[in-house]
Amino acid sequence: MTSLVYAAKGIRILGIDPGLRITGFGIVEKIGNRLVYIGSGCVVTGESGLPDRLKTILDGLNEIILQHKPEQVAVEQVFVNINPKSTLLLGQARGAAISAAVLHELSVYEYTALQVKQAVVGNGHARKEQVQEMVMRLLGLGERPRPDAADALACAICHAHGGTGLLTLSARNRSKRSKRL
């Protein structure tokens, strides 16, 4: 009698934490209920002008996509900063990151920082160090990843778990509010 062995096929997710100076990336693969760390790092743009920085982000993420072949991309949404110019610049970096994914016809999913932190740490207002620590533990890493890479990995983890946490809480809160009205 011959037994067949099937390799478990997971879904590979690229998480992106966009930034004009440093864009973090992290790749995880979800196989069943298990997460496997594939890689992470940062695309650093330097001090060049805006168009060159955006091109560096696009080219860097394009290379990562070609190398690691993710199937889905999870990107952190832009938060509204006190300085509107900073928010607009961050939005442009985010646009370059999303463009890299779209060029490869990948599905792009967006999560707020609160959603990501809630899903990974259990607290939507967690500090950077807490996110780094939980990412390290969840993925079995030997050391904490850099903050930007940790945020990107956290975004990928959030997506791998269906964006649970704040999304579920928000739905519950909406139904409570609608009952009160």
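For all residues, glycine too, the Cβ spot is worked out from N, Cα and C.
These numbers come from a predicted model, not from an experiment.
Under the heading active site, Swiss-Prot lists Asp17 (among others), citing sequence analysis as support. Counting only same-chain residues at least 6 apart in sequence, those with a Cβ under 8 Å from the Cβ of Asp17 (active site) are Thr23, Gly24, Phe25, Glu76, Asp148, Ala149, Asp151, Ala152, Cys155.
Around Glu76 (active site), taking its Cβ as the centre, 25 other Cβ atoms fall within 10 Å, counting all chains. Annotation source Swiss-Prot lists active site at Glu76 (among others).
In the three-state DSSP classification, Asp148 (active site) falls within a helix. Under the heading active site, Swiss-Prot lists Asp148 (among others), citing sequence analysis as support.
A strand conformation is recorded for Asp17 (active site) in the three-state DSSP classification. Annotation source Swiss-Prot lists Mg(2+) 1 binding site at Asp17, Asp148.
The annotation Mg(2+) 2 binding site is assigned in Swiss-Prot to Glu76.
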